[in-house]
Amino acid sequence: LQGIFVLGLPYALLHSGYSGLLLIVLAAALCCYTGKILIACLYEENEAGQLIRVRDTYEDIANACCKKLSPNLGGIVVNVTQVVELIMTCILYLVVSGNLLSHSFPYAPVTEKTWSVIAFVTLLPCIFIRTLKIVSKLSQLCSLVHFVIILVVIIYCLTQMHLWSWAKFRLSIEFEDFLVSIGVIIFSYTSQIFLPTLEGNMKNPGEFRCMLNWTHFFACVLKTTFALTAFLTWGEKTKEVITDNLPSFLETLVNLCLLTKALLSYPLPFFAATEIVYSCVSKGNHSNYRSPLLALTVRGSFLLLTLLMAMFTPHFALLMGLSGSVTGAAMTFLLPSLFHLKLKWKKLSLLEKCSDIFVFILGFLCSLAGIVCSIRGLLEVFG
């Protein structure tokens, strides 16, 4: 999920200047923190003072927080939010795939939407994915391709080191452009939707916090290096997607790698979304497919829905920004901090309470700013 946003980090630096470098580090720390407190909400202490996992999903946490209002209210809100974000992400991968194929083969008499259909055909086997093991293997390949893309860009930038100049960094920034930069940087780290399932499937869940620390640390180092070298190379000419700045021979190669990454990225949000819906429909354990026909129907319907929306939704990028500002901020900042305060209030120190409140306020402001920018963009488009 992070790949699409990572390619926009150099452009974010163009509009945020030196503060963008600080934001990349701060966003890593905040997203790592909210990931930890979200997983903490899955556990409760028993009489012996040992931590026991009493909840399995984001939905369970939400239901525990809202049980006084309604037993299922929190779960419904979280499930709807998760499904919307995951489906929008799947659609984005189809749209991006069509765009990349169109740019990779510009002389082919095929429209961008037709390329999206061709990409969709390659994703049809997703209907038969039943376990997280298959998804994890595809995600490993996706990470490998992503690393190759980043490496190619960094190596090319290093060959242009003689053109670098720190004077390219802006000291003054425009507020609206700065808000866009915040959105790109923060959402390049988001992964909270998948964390409860990931932690639950680890061989040693006790190593989760350590894993989260190291992955966010290395992600921060890699993203800072990538964004900094790319921006120093192209400066004011930095484009929204940095691969558009590459020479034509490299751009085609990287675009094909991005296409591979987009197709390999699709199964994870698709699998997560269908699992949520299937568990709601079957009213049973979401990992137990007691009705294969129902499971195939749910997965097939979602696969077709993503294609139809990719084909016929106008100005999808702006709608993606609007929904992402609501669902992304909610799942990454608002809900983890709110749930942590609700479930652990009596056991939290003053510093922990202040930290959760700070994260909640920051998430609310980011969400509000993103909504305003997206609505303004939609209003301008529709005139």
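Backbone N, Cα and C define each Cβ position, glycine as well.
Summarising the annotation, TrEMBL assigns domain 'Amino acid transporter transmembrane' to 2-375. Feature annotation from TrEMBL assigns transmembrane segment to 20-43, 76-95, 115-132, 144-166, 178-198, 210-233, 253-281, 293-312, 318-336, 357-379.
Each of 144-166, 178-198, 293-312 was scored by its Cβ pairs under 8 Å to the transmembrane segment (76-95), and the highest score goes to 293-312. Here the transmembrane segment (144-166) does not touch the transmembrane segment (20-43). Their Cβ atoms form fewer than 3 pairs under 8 Å, with each pair 6 or more residues apart. Proximity of distant same-chain residues to the transmembrane segment (210-233), defined by a Cβ-Cβ separation under 8 Å and at least 6 residues beyond the stretch ends, is recorded for 2, 6, 9-10, 12-14, 20-21, 24-25, 28-29, 31-32, 35-36, 150, 153-154, 156-158, 160, 163-166, 168-169, 188-189, 202, 242, 245. For the transmembrane segment (357-379), the partner stretch with the most Cβ pairs below 8 Å, chosen from 20-43, 115-132, 178-198, 293-312, is 178-198. Most Cβ pairs under 8 Å to the transmembrane segment (20-43), among the stretches 115-132, 178-198, 293-312, belong to 178-198.
Beyond the ends of the transmembrane segment (293-312), by six or more residues, the same chain brings 87, 90-91, 94-95, 98, 113, 116-117, 120, 123-124, 126-130, 270, 273-274, 277-278, 281-282 to within a C-beta distance below 8 angstroms of the stretch.
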